[in-house]
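> So TrEMBL says this about it:
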{"type": "BINDING", "residues": "29, 30, 31, 32, 33, 34, 35, 36", "note": "GTP binding site"}
{"type": "BINDING", "residues": "36, 53", "note": "Mg(2+) binding site"}
């Protein structure tokens, strides 16, 4: 009862004061894994050719109920410590589903991200470039990354193609639903 009253009051205050709900999302993964292409697809709802990201690039995407700021960088987490100081709400970890030889690198990076963002509960693991020939099977990737063994976080593995749009909407809906549900459960007025 207390949760629903607090949520109702907070939502009414947010609407009355026109306070925008903003979620900060860090996107990371190995080089050339489709991170920036995914961000641009989310911004423009279509495929755009992109250059490698220079520095730290925040992209704001507005939706009806909330906005997200996606922090994109070509550097590893170690190279840019300022990213870690941000109040990150979720992480998107991208890797190339068609690059069989780099799955071990992707796995190592994924577990480093889990460790470095130990305060983050929601992780969307995007198996990108699904439209290419000879992609790995998602079940094989799930087994290699041991996604089902991660019990202290919400991890969701989704295959996507930022070129065709396949799988992007359901994957992002999963993440946004996790964020909104977590916010509704939060009793604090200020995060």
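The count begins at 1 with the first shown residue.
Glycine too: its Cβ is placed from the backbone N, Cα and C atoms.
All annotation found in TrEMBL is predicted automatically rather than curated by experts.
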> Cβ neighbours within 10 Å, counted over all protein chains: which one of the binding-site residues 32, 33 has the most?
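Ranked by Cβ atoms within 10 Å, first place goes to 33.
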> So if I measure Cβ to Cβ from residue 34 (GTP binding site) and keep only same-chain residues at least 6 apart in sequence, which ones fall under 8 Å?
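The answer is 94, 96, 126, 128, 129, 162.
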> What residue among the binding-site residues 29, 30, 31, 35, 36 has the most other CB atoms lying within 10 A of its CB?
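Of the binding-site residues 29, 30, 31, 35, 36, the most buried by Cβ count within 10 Å is 35.
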> Other residues near the GTP site, CB within 8 A of the CB centroid of 29, 30, 31, 32, 33, 34, 35, 36?
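Along the chain, the qualifying residues are 94, 95, 96, 128.
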